[in-house]
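Asks: According to TrEMBL, the feature domain 'Pyridoxamine kinase/Phosphomethylpyrimidine kinase' maps to 12-266. Look at TrEMBL and you will find 321-490 tagged as domain 'Thiamine phosphate synthase/TenI'. What TrEMBL records for GLN338, LEU339, ARG340, VAL341, LYS342, ASN370, SER409, LYS438 is 4-amino-2-methyl-5-(diphosphooxymethyl)pyrimidine binding site. Residues or ranges marked as Mg(2+) binding site by TrEMBL: ASP371, ASP390.
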Amino acid sequence: MNNVVWTIAGSDSGGGAGIQADIKAMQSFGVHGCTAITALTAQNSLGVEAINAVSTDIIESQLLALEKDMKAKVIKIGMLANVQQIQLISEHISHYKAKWPVPPVIVYDPVAIASSGDLLTEEDTVSAIKECLLPLVDVITPNTHETQLLTGVYLIGPAAIKEAANKLLSWGAKAVVIKGGHWDYPSGYCIDYCINNFTQKGEEYWLGNEKIQTPHNHGTGCSMASVIAACLAKDYPLKDAFILAKAYINQGLKVAVRYGEGIGPVAQTSFPTNLADYPQVIEAGSWLGDELDFDVPLDFNMAADFAPCESKSLGLYAVVDSVDWLEKCLQQGVKTVQLRVKNKDDAQLDELVAKAVALGEQYNAQVFINDYWQLAIKHGAYGVHLGQQDLENTNLAAIKNAGLRLGLSTHGFYEMLRAHNYRPSYLAFGAIYPTTTKDMTGQIQGLEKLFKFVPLMQSYPTVAIGGIDLKRASQVAKTGVGSVAVVRAISEADDYVQAISALQAAIN
Ligand SMILES: Cc1ncc(COP(=O)(O)OP(=O)(O)O)c(N)n1
Ligand SMILES: Cc1nc(C(=O)O)sc1CCOP(=O)(O)O
Ligand SMILES: [Mg+2]
């Protein structure tokens with residue numbers, strides 16, 4: 001695995017921002033940071049005294065040395081001190097994208113030094129960024145001040161944020177993260193925006209949390225972009241990298257201290273493990289969603305705090321596609337079962353759900369119905385299991401008011417925090433391993449992430465799903481997850497009775 005990330009940026013003699021912050025933030029996320037220095041700034045906690053641009057020859061010699069031996073998976077670009085530097089870096093990036101066996105992902109954090117905006121106010125600088133660099137950039141991460149300088153859009157509200165982000169996309173960037181640390185909208189909150197045309201067209205995300213009150217925030221921009229770069233190098237999707245970067249900054253701001261007379265640097269800490277440091281995923285129907293003028297989908301009716309499950313540990317969880325299999329599992333003592341049927345007509349479904357609910361009652365077990373929440377309500381099921389894409393067109397209030405439990409699927413940090421908005425009855429993490437039961441391309445989490453998800457969501461019953469077989473079940477259980485959900489490990493076993501008892505033993 002190539003965990004090399006380069007930072008092409010300026011040195012901050014005060015140690016709080018630039019190259020110095022980048023390497024520390026990258027280190028916190030377990031990637032190796034290499035550097036090509038573009039400027040030697042003379043600064044301390046009171047301000048910037050000088051910016052000494054490094055010559056393009058010296059920058060090039062650093063890039064050539066790295067290219068020969070330590071190619072990067074992700075390149076983070078920070079301060080570029082003049083048009084010549086922008087042109088040089090653009091030429092090199094263009095060569096890497098064309099010639100390297102694996103083209104690097106480019107994260108560009110435009111730096112308008114201090115609050116004066118010096119480096120981004122020259123017209124030729126902005127044109128060089130637009131014309132040469134932006135078409136090569138995968139993710140640009142300006143703060144609101146830098147966004148205004150680059151786009152000319154005055155950021156008075158959410159519509160203006162979107163307009164500016166779309167301008168940056170139209171100039172070639174594949175994704176835009178606008179850091180809201182300097183934006184006080186709504187008052188007392190820090191709201192960040194991301195639009196991603198990188199993997200999927202026009203996916204957008206808003207994150208928010210109450211502003212952390214500290215003057216010691218030097219280096220937050222560089223650190224946030226470096227964490228995004230590090231996470232992308234570790235194959236996190238951008239929406240998860242965005243979440244983790246914000247959580248890391250929140251964690252660092254809470255313990256930041258001063259080292260000189262002036263503003264101290266954001267503290268460089270470690271992978272965020274405290275839920276209180278994570279931002280909120282802002283959604284339609286929430287208070288912050290209303291403040292940001294989100295449209296509420298027609299069939300959606302927000303609800304949170306669903307009925308709890310009897311126990312925090314749901315044990316072996318059989319996911320089956322027929323009433324016949326449901327009964328076989330119940331007969332073997334499986335206490336959590338899900339009816340997951342696809343492609344049946346309405347009349348058949350009604351009957352299947354009615355039978356599944358009756359069997360659950362007969363065996364005193366928790367039967368969840370996948371997808372068909374109206375039928376689950378109609379027949380008084382124990383609970384409903386829904387995916388993230390179901391959330392927009394489900395009347396959650398109806399499920400809650402009927403007293404049904406709600407289980408939610410999550411695939412990564414972003415979806416986990418989104419699900420947390422609804423305080424469901426349990427959270428499922430998947431797909432832990434590759435599976436042939438369902439196309440989970442790009443959504444395989446692995447055990448390392450499961451080890452992070454479980455303690456963050458410790459107030460919920462938790463479930464792991466995807467590619468879990470008898471050999472893997474005990475490893476999965478060691479993460480502390482309260483339940484292991486399987487399809488093929490039971491349905492394709494040579495002897496399902498023996499498989500169920502072996503899985504139960506492995507989990508316990
Ligand atoms: C326990 C559990 N976890 C995740 C899923 C996946 O549900 P969903 O996202 O609704 O996808 P489909 O199962 O409908 O394809 C699940 N069913 N059970
Ligand atoms: C139905 C399902 N949902 C998943 C998710 O990650 O949301 S993975 C999955 C398939 C699980 O099947 P098996 O145990 O055969 O791998
Ligand atoms: Mg479903």
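Here the Cβ of each residue, glycine as well, is placed from N, Cα and C on the backbone.
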Asks: Can you go through the binding-site residues GLN338, ARG340, VAL341, ASN370, SER409 and pick out those with a C-beta less than 6 angstroms from ligand 3?
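Replies: Passing the 6 Å Cβ check against ligand 3: ASN370.
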Asks: Looking at 4-amino-2-methyl-5-(diphosphooxymethyl)pyrimidine and its recorded binding residues GLN338, LEU339, ARG340, VAL341, LYS342, ASN370, SER409, LYS438, figure out the farthest C-alpha pair and report it in angstrom, whole number.
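Replies: Max span of the 4-amino-2-methyl-5-(diphosphooxymethyl)pyrimidine binding residues, Cα based, is 17 Å.
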Asks: Write out the long-range same-chain contacts of VAL341 (4-amino-2-methyl-5-(diphosphooxymethyl)pyrimidine binding site), meaning residues 6 or more apart in sequence whose Cβ is under 8 Å from its Cβ.
Replies: ASP321, SER322, LEU349, LEU352, ASN370
Asks: Just checking: which of the binding-site residues LEU339, VAL341, LYS342 have a C-beta under 6 Å from ligand 1?
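Replies: Cβ < 6 Å from ligand 1: none of the binding-site residues.
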Asks: Pop the Cα-Cα gap between ASP390 (Mg(2+) binding site) and SER409 (4-amino-2-methyl-5-(diphosphooxymethyl)pyrimidine binding site) into the table, whole Å please.
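Replies: With the alpha carbons as reference points, the distance is 10 Å.
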Asks: Ligand 2: which of the binding-site residues LYS342, ASN370, ASP390 have a Cβ closer than 6 angstroms to it?
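Replies: Once distances to ligand 2 are taken from each Cβ, none falls under 6 Å.
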Asks: Which of the listed binding-site residues (ARG340, LYS342, LYS438) has the least company, meaning the fewest other Cβ atoms within 10 Å of its Cβ?
Replies: LYS342
Asks: What is the number of other Cβ atoms found within 10 Å of the Cβ of LEU339 (4-amino-2-methyl-5-(diphosphooxymethyl)pyrimidine binding site)?
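Replies: Other Cβ atoms within 10 Å of LEU339 (4-amino-2-methyl-5-(diphosphooxymethyl)pyrimidine binding site): 29.
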Asks: State the Cα to Cα distance, in Å, between ASP371 (Mg(2+) binding site) and LEU339 (4-amino-2-methyl-5-(diphosphooxymethyl)pyrimidine binding site), rounded to an integer.
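Replies: LEU339 (4-amino-2-methyl-5-(diphosphooxymethyl)pyrimidine binding site) has its Cα 9 Å from the Cα of ASP371 (Mg(2+) binding site).
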Asks: Check the binding-site residues GLN338, ASN370, SER409 for other C-beta atoms within 10 angstroms of each C-beta and report the one with the most.
Replies: GLN338
Asks: With Cβ-Cβ distance below 8 Å and at least 6 positions apart along the chain, what are the contacts of ASP390 (Mg(2+) binding site)? List them in sequence order.
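Replies: Counting only residues 6 or more apart in sequence, the Cβ neighbours of ASP390 (Mg(2+) binding site) under 8 Å are ASP371, TRP373.
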Asks: Where does ARG340 (4-amino-2-methyl-5-(diphosphooxymethyl)pyrimidine binding site) sit in the DSSP three-state scheme?
Replies: coil
